[in-house]
Amino acid sequence: MTKKLALKRKGKDAEPTNEVVASSEASENEEEEEDLLQAVKDPGEDSTDDEGIDQEYHSDSSEELQFESDEEGNYLGRKQSSSAEEDEESSDEDDDEEEGSSDEEGEEDEEKDSKSKQADDKPSSSGAASKKAPTTELSKRDTSKPEYQDSDTSDEEDIRNTVGNIPMHWYDEYKHIGYDWDAKKIIKPPQGDQIDEFLRKIEDPDFWRTVKDPLTGQDVRLTDEDIALIKRIVSGRIPNKDHEEYEPWIEWFTSEVEKMPIKNVPDHKRSFLPSVSEKKRVSRMVHALKMGWMKTTEEVEREKQAKRGPKFYMLWETDTSREHMRRIHDPVSAPKRDLPGHAESYNPPPEYLFDAKETKEWLKLKDEPHKRKLHFMPQKFKSLREVPAYSRYLRERFLRCLDLYLCPRAKRVKLNIDAEYLIPKLPSPRDLQPFPTVESMVYRGHTDLVRSVSVEPKGEYLVSGSDDKTVKIWEIATGRCIRTIETDEVVRCVAWCPNPKLSIIAVATGNRLLLVNPKVGDKVLVKKTDDLLAEAPSQDVIESERIKTAVQWSNAEADEQEKGVRVVITHFKPIRQVTWHGRGDYLATVMPEGANRSALIHQLSKRRSQIPFSKSKGLIQFVLFHPVKPCFFVATQHNIRIYDLVKQELVKKLLTNSKWISGMSIHPKGDNLLVSTYDKKMLWFDLDLSTKPYQTMRLHRNAVRSVAFHLRYPLFASGSDDQAVIVSHGMVYNDLLQNPLIVPLKKLQTHEKRDEFGVLDVNWHPVQPWIFSTGADSTIRLYT
């Protein structure tokens, strides 16, 4: 009986998930015993090739085997003699059950005992020679058995370490890693260094499928079924490959709601007739109301409220204060009108009367009467009887009445704030040099308004366009006019190509855009430009009729060729502005009268034109190319739209809150935009911050015609009809958290006024901190 119990315990320790059922025949038992003993191999037979051998792990709870580490850190297996008392106690419990066993079963048990002892002695002799960490292979569950046959639930597995669900790093400082079922310490397996880990990676073919059990510290070799299960989970499939995911649906219960009456008996005739008992009750209630015996619901509620008495009562105040509470709390009296001053007298002093300039300014603000200092114009009469009736009397009385009953009244506490506290602290202009301060040269030669000016990329020459139908090319250093090109109509805009490898000037005159070779500077560039513009490339794309009717490319005639004109681009409406792309191959033109074809983009190398917009969203006034990104800025009268030319979509819409936009200039880095308006304002937009202006500058007294950023220095300038050019410092920092620094530096006012026009255009020198300005006085002025 003792031998049978020992064999059962050995079988459970070696194969926890498989059971060996003994048969009646001795031959079959011997074959099964040999199969069970094949799992235990002698590692001492070949100590060099034992890396891939699977070993079994036994905790200290085993009655037959106990693992202890030797001096080298290896595990040694030894037999433990089971105590006779435990065997007797266990045998006494099973004596009654085993009495009917045959003698053949006893002989078979003895054979099993002898073979199991031999199998246990083999690993004990060779355990000291092995220096690898013990590796266990995950047991294969017999799929033919039910899932919960061996135990109640899957959570109650054969867990040898009983520490529970705790962090295992708590045992890092101890030699053991936990306790088994008998509260005995589980000694940690030997831990190799990095060299051993590296050798295992190279020599062990199953290293990739070996994982460490955190509870026991043993290396566990994953079986093929485990790897297949992991692959199915990683690939997002159902772990059980035998599960049919799309098996046919069996509708055990119908999904349609069937409505059936509980009873289908026809209604009785009396269910349609009024109740006689209710009729009698109602008649009695009516009679009681007439006789006064019964009261209505409202009368009953009134009697209840009268019995209860007042719900709230005055605790401290008397009933006389109720009238005061009904009135408006702290009424605010209407503000009185200002008393008339000396200007409203019928015979005011002469200094209160308007002169011609003040009268003109007062009449100019007819559409904005709230901006006038006085709502009337002072007049002088000899006597009081000559004063006529006041024509605005009824209107002023009416507005006063509206103010009295429509405008809310409130008491405001007047804040006494020092004016110096509100003024921002700006650096001194002396610390922000260099910037232009004086007028150095005046270029004279035009006979009418000079509308546009542009500088060569190297900064040696200057081109200007005027209303006298001429284009002049100047030498900047000497002020000498090198060449004059006459045109048929007024020159609205000129722009020098920013590509230093080409020498091309775009001239907008009337409906034509002229591409001119100025024939100045390097002769190699002049010849290269002529070769580029000599022949038209072959057209690979068929242009639509919409583009053909809007623009036409042609070579210049012989007389224009002598002047330097090489290509003529004829538009269907007058051109107002022309601008180049940074690379010099594309240029855009603006025709405010062109409706949905107001803006055109031309490609010089292919002689092809494009209409970027199919619909008009306002009168286009100005366009610009982004210096870095493929973006296109379009300014209408009130707003600015930014389009992505690659994606062909609207990126952002900037709100200027102005009446009419006159010009734009973009910072060389492309993150800030400067806008000029005809209502005396300059708007600074931070494109990364908001769609509203970061700062609004009112530095001019009249309309601002033009603004420009310097390409190298942190400077920008503006020109206005007040004959002034204001130079300002505009530093943009690389730190996105720091706002731009804007400081007005110098006001340059040397132009003369002609027909209410002042400075029409400003442009910076590409290298030096110099600025050019054109004015209505037919001059071009250089400030350095």
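Here the Cβ of each residue, glycine as well, is placed from N, Cα and C on the backbone.
Taken from Swiss-Prot, the feature compositional bias 'Basic residues' applies to 1-11. Annotated compositional bias 'Acidic residues' per Swiss-Prot: 27-36, 45-54, 62-73, 84-111, 149-158, in sequence order. Residues annotated as compositional bias 'Basic and acidic residues' in Swiss-Prot: 112-123, 138-148. Per Swiss-Prot, the feature compositional bias 'Low complexity' maps to 124-133. Positions annotated as region 'Disordered' by Swiss-Prot: 1-159. What Swiss-Prot lists as repeat 'WD 1' is 445-486. Positions annotated as repeat 'WD 7' by Swiss-Prot: 754-784.
Sequence-distant contacts of the repeat 'WD 1' (445-486) (same chain, at least 6 residues past either end, Cβ-Cβ under 8 Å): 492-500, 505, 507-509, 516, 518-521, 563-565, 754, 757, 760-761, 763-768, 772-776, 778-780, 782. Mean pLDDT for the repeat 'WD 1' (445-486) in the predicted structure: 93. In the repeat 'WD 7' (754-784), the DSSP tally of helix, strand and coil residues is 0 helix, 18 strand, 13 coil. Mapped onto DSSP helix, strand and coil, the repeat 'WD 1' (445-486) counts 0 helix, 24 strand, 18 coil.
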